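Read through the structure below, which is laid out as structure tokens, and then see the notes.
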Amino acid sequence: MSVPAAVLPSVPVRILGIDTSCDDTGVGIVELLPDGRVNLLANRVWSQTVHARYGGVMPELASREHVERIDEVMGDALREAGLTVTDIGAVAATSGPGLVGALLVGLMYGKGLAQALNVPFHAAHHLEGHIFAAASEAELRAPFLALVVSGGHTHLFDVPRDGEYVLVGATLDDAAGEAFDKIARLSGLGYPGGPAISEAATRGNPDAVPFKEPLQGQKTFNFSFSGLKTAALLAHRGGAAPEDLAASFQRAAVNVLVKTTTRAAHAHGRRTVVVSGGVAANTALREAFRATDLNVVFPGRGLNTDNGAMIALAGAAAIRAGRPASPLDGGATAYAPLANA
Ligand SMILES: Nc1ncnc2c1ncn2[C@@H]1O[C@H](COP(=O)(O)OP(=O)(O)OP(=O)(O)O)[C@@H](O)[C@H]1O
Ligand SMILES: [Mg+2]
């Protein structure tokens, strides 16, 4: 496969990124410099609250709320960056995966903006965005390994060359974030479950509930979280205190994520590992990864869960790698695997 030459701009280019893949309206702005470095200029997210009463995201309501909020969020992002819209030199927006109706709002808005400004448009993959969120903290150049651990994914990718993704392992059932959310709900700790479990765990005993770490001893690099969920339900019914359940579950989940990722990094000869997605905000997970022999890069503050800055960072990486602009007639896709091998 031929690799396009790196294309660096002769003057700084401000890239505006949009993510409306689920229930967050995110707009971020980054600046790609002629030397290839990238600065984060703004990151604004409107997190929809309308879904709370339903206990899950209502797709149609999400789309409508994106339509209502996106102008305001973009205005806030431009103000935060100290820019006006005509300073924008490229636009990136998530085209998938996600809720199609929700994706379409940001995608059409982004295309319209690019066309009105007469600047290139880049359709971005949501998971590439999660991975490149870590480019806010360190220059991210292949080769590296990436663990995306979020509400919908627990996926390990090897990135041998810029823009090339090889799926190395994935969850066989629930995503890690989903397990955090469901266990928090069953033990009455509230929503979103990740931060609630993380907080409760500081007051609990991690030895109180014996969780078996799933799929350890395997030769592959897959994950499984549904067994932990069932074990948590049984422990809850058996009277385990929510704090103890939180501490014990979190330790098991963190151990599994760190051990499998470390094994995969060693097997693929990668020293740099990106850990991103909502669960990457977890303090215990970060500490455990930092204690490994790997060079682990996490997204900066506010860039773990869905946001527009990560899409702008993915856009910057695409421009730097010499990828051509996307056509303006491309659609949104609910299912879009990132791995191209
Ligand atoms: N401190 C934390 N510890 C553990 N999990 C966390 C923490 N903060 C957030 N999470 C989890 O992160 C998830 C949300 O992350 P994110 O927004 O990246 O996922 P998503 O966009 O819903 O899923 P996907 O990107 O896979 O479509 C939730 O499951 C939430 O509980
Ligand atoms: Mg996401």
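Count begins at 1; order follows the chain as displayed.
From the backbone N, Cα and C atoms, a Cβ is placed for every residue, glycine too.
No curator has checked TrEMBL annotations; they are predicted automatically.
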Annotated companion of His126, His130 at the Fe cation site, TrEMBL, chosen from Asp306, Asp329: Asp306
Among Asp162, Asp181, Asp207, Asp293 - the residue TrEMBL places in the same substrate site as Val148, Val149, Ser150, Gly151, Gly152, Gly194, Asn282: Asp181
Cα-proximity to His130 (Fe cation binding site), 10 Å cut-off, over binding-site residues Val148, Val149, Ser150, Asp181: Val148, Val149, Ser150
Binding-site residues (Ser150, Asn282), the one with most neighbouring Cβ atoms at 10 Å: Asn282
Val148 (substrate binding site): secondary structure state under DSSP, collapsed to three categories: strand
Contacting binding-site residues for ligand 1, chosen from Val148, Val149, Ser150, Gly152, Gly194 when the Cβ sits under 6 angstroms of any of its atoms: Ser150, Gly152, Gly194
Other same-chain residues whose Cβ falls within 8 Å of the Cβ centroid of His126, His130, Asp306, the recorded Fe cation site, in sequence order: Asp19, Ser21, Thr94, Leu127, Gly129, Ala133, Ser150, Gly277, Asn307, Met310, Ile311
Those binding-site residues in Val148, Ser150, Asp181, Gly194, Asn282, Asp306 whose CB falls under 6 A of ligand 2, listed in sequence order: Ser150, Asp306
Distant-in-sequence Cβ neighbours of Asp181 (substrate binding site), under 8 Å, six or more positions away: Gly151, Tyr191, Pro192, Gly193, Gly194
